[in-house]
Every structure is written in structure tokens, then in C-alpha cells.
Amino acid sequence: MDTAVEANLGAAGHGPRTELSDEDYYPQGSWDTVFLVALLLLGLPANGLMAWLAGSQARHGAGTRLALLLLSLALSDFLFLAAATFQILEIQHGGHWPLGTAACRFYYFLWGVSYSSGLFLLTALSLDRCLLALCPRWYPGHRPARLPLWVCAGVWVLATLFSVPWLVFPEAAVWWYDLVICLDFWDTEELPLRMLEILGGFLPFLLLLVCHVLTQATACRTCCGHQPRRMACHGFARVAKTILSAYVVLRLPYQLAQLLYLAFLWDVYPGYLLWEALVYSDYLILLNSCLSPFLCLAASADLRALLRTVLSSFAAAVCEERPGSFIPAEPQTLPGPTSEGQSRLDSVVQPQVNPSVQLQSDSVVQPEVSPSAQPQSDSVAQPTVGSLIQPPLDTVVQLEVNPLTQPQLDPMAQPQVNPSAQPQSKSVVQPQVDPLTQPQLDPVAQPQSNTETPIPAFGDESASNPGEENSSGPCPDPTPGTPENLDRPAVPQEKSPSNVPPEEAPSAGPT
């Protein structure tokens, strides 16, 4: 917090100076500004996101203990990084403070509240984990359920009270000619208030360090002894361990520099190296505040899952604002329900679209069913009867019984098909009829399809007009004979002449 110029006023009764010594040169330069700006750009959004995630998790009652800890810690780090903006402004002006005394007091108060709240919070966390590790049976039963809430509230109240002196004593004073600096303490109150600041920060840090070492030693002894872990919340313990370890490593240099400064404050004027130690150890605290949310995300699986959920919902909301990204998906869903209806219509309309093509296709397929009963001279008339009485479902099944005969169709009849109907039957009906009609070739399922009245009735009505022109009288339904020919292809070929001649009489009808 203290710069090289701010750290030494009042140590030996010094007032504003007319000349600068070697110890008064400002140690911070342009690279300090770059480093601090990078920390702010990275740490402020990260801590804000962490506070929002922890707050939403605590609001829904999921992991309240961990959520309250992370919320308080994120707010403390956010405020500490926000206070660094005043430090960047001071560096840019070469140590000159252009904002006046009120802003100077607000800067030190904000720094004191954020620093003290984080220190007190992690000290309470370390003490809680130490008691849980040393007294695993007694402490969980005697710990109140609302203890995390009470601790977080008490930490912020205590940090505010501890920072009250920074609302009273700091002021913007002239240091050399027109150079104005922001001083935290001055003259007679320097020694007692500096001791309160240093000891008030060092003693909680010492308690944190001792409790953390005891907790880790107990955990190592438990792991080495192959004893079952008694800590119920492994995710919370992992997050607490990560945060406390980083805090001890990155904030220990600042505490040591403060102790050295207190030792020199008694009778010796602090040197240039000690001033630099105070400045750059303060940068380590800023680095810790910047890395804290990333360490929490790395140690907590629940926070990572919550962050993925938030990012996915945000991406979905962004995509909804751009409906053009979903345009390619619409044509894929529209043909789905219409393809089935189109196949059903084509299976019935196919004999009516172009009778000449249907007759030619049946003339090739029909002789394979009864080659001895039907001569080739009647190959034109016989399919007419089949197209009149045979249900539309049988017309499709009849073509699918012999898949090898499909390539034998007359190539000259293919162009005669109606161009509006034939592409639909080729592109839509042919792929979808196979999985639907192939199971109907079973000897049990085939009579059921022929005996159903609604389907033949619809087929007879659609083909009634061609039948009246090509046949001289009513003909019996030949459907009972068709399943037998399909089930037993060897035997019915000899008996088929006895069943077919009554229907071959009107063969001279269509030409």
C-alpha cells in the first residue's frame, strides 16, 4: 500500500522537504502500470463472476457454507483490486496525488477494509478446518448451523471497525515543492497507528498459518496411516486448502516486510530496499486477489458445472437473437410428417397415374407367380383385373416380393410415367415401402392385409371406372388365392389354372 515516498514521513520528525535524497526517488515505473492494469483487467471480471456464481448458489440453498465463503472472498478481492486503480493513477503522475484529501482517505479506507476482511475471513476458515481435523467427533456436533453466516457478517463488521483510523488520519500533503502525496499517517500518530496496522494484520496471519499447518499435518498422518477420512465435504476441504495455501505463499512476503518496517521504525530511517520490498510485496497481494477465483474454479467441480451451465444458457440466448443460424435445420424437419402421407397416397394412386406403365410392370411380375396358368397373350388383360380388385397394398407388396424383377421392367415404359407423380414414387415411396411392407409377407400377416375391408374398399372405389370398361361382368375377389401363391410357390403353380380361368374370360377387353 505504501509507496517509497509515503513510507517514511514522521519516522524521525521529518516534515515537508526542500530537497530529495537518494532514498526519496520513486521506485515505480511504466512496467508497474502495465502489470497492475493487466491484473485489474483479469481479476475484476473474474471476481465479479465468482461473486455472482456463489451468490446464486447460496440463494438456491446449494452448498451454503462454501457459497458464503466464496461470496465474501470474491467481494474482498474485488474491492482490493478496485482500490489499486488509485495506485495506478498515482504511478502515472510520478507519485503526485491529484485527487485531494477526501479521495486519499477513501483510498486507504477501501484498501484497509478489503485487506482486513480477506485476512480475517481466511483466518476463521483455517481455524474451523483445524478444529474439524483435530476434533472430528466433537466439533461437528457442537458447531451451529448458521456459523458460516455469522462468521461472514462478523468479519465484515470487524474489518470496517479496524479500518476506521484510515477515515481520519490520511491526508494529501505537500512533500517537495508542488509534489503532493497521499499520506496515511503523520508525525506523532505514526508509531502507535503503524504498530496497530502491522500487529493487527500479522497476528491473524500467524494464527492462519499455524492452523493451516496443523490441518495439513493431520491430513498427512491420516493418509499415511490408511485411516478413513472423516471430513464429509471433500469439495469444500479441497477449495479451502487451495485458497489458504495460495494466501500463505503470496502474502507472507508482505507480512515479513511489514515486520522489518516496524523494526526500523523505532530509531532508524527506513532504507530504499525496504521501501521497494513494501511496494512489490503489495503486488503479490494483488496477484493473489487476481488468481483466487481461478483457483476456486480449479478446485471445485460444482462451480465448474455451474459455470458451464451459465455459459451454455448464455450461448443459447445469443443464438436466439440470430434466427438465421437455425434456417438450415428447418427443411430437415418439414418433410418428415409429409413423407409418410405421400407414400400412402402413392401406393394407392400408382395404378391410376398411368395404367399403361402399371400393366407393363405387372406383365413381368405376374408370370413368376403362376407361369403355367397365364399365357403371355393375356398379359395385358390379367393385370387389369388385378388392378381392379387387388388392394393397393397388394400392388406394392406384389412388386416387392421379387426384388430381382424390378430391373426387368420395360425401359421404354419408364419415360411414359406422369412426370408429376413418377419422381415422387421413385424418391419417396421406394425407400419407405420396404421396411413397412416387408414384414407383411409373413403367411399370417398377408391374409390380414387382404381381409381388411377399409383398404380394399378404398382401392376398389379408386379403380372402379377402369374396371367397368375392361370387364364384362362382376368378378369374384381373387385375394384368397394370392396368399397361397405367396406361401407355397411350388404347389399352387399346377393348381392355378383351375382358379384363374373364370377370371381370364374377358381378356379381349383392353388393347
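A Cβ is built for glycine as well, from the same backbone N, Cα and C atoms used for every other residue.
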Pick from CYS135, CYS152, CYS182: which cysteine does Swiss-Prot list as forming a disulfide with CYS104? CYS182
Looking at Swiss-Prot, is ALA145 on the same side of the membrane as TRP97? no
Top partner of the transmembrane segment (106-126) among 149-169, 195-215, 283-303 - counted as Cβ pairs under 8 Å: 149-169
DSSP state at CYS182 (disulfide bond), helix/strand/coil: strand
Cβ-based contact of the transmembrane segment (66-86) with the transmembrane segment (283-303), 3 or more pairs under 8 Å: yes
How many of the residues that make up the topological domain 'Extracellular' (87-105) does DSSP mark as helix, as strand and as coil? 11 helix, 0 strand, 8 coil
Which of CYS104, CYS182, the listed disulfide-bonded residues, has fewest other Cβ atoms within 10 Å: CYS104
Taking every residue in the topological domain 'Cytoplasmic' (216-258), the average pLDDT works out to 76
Under DSSP, the topological domain 'Cytoplasmic' (127-148) has how many residues in helix, strand and coil? 14 helix, 0 strand, 8 coil
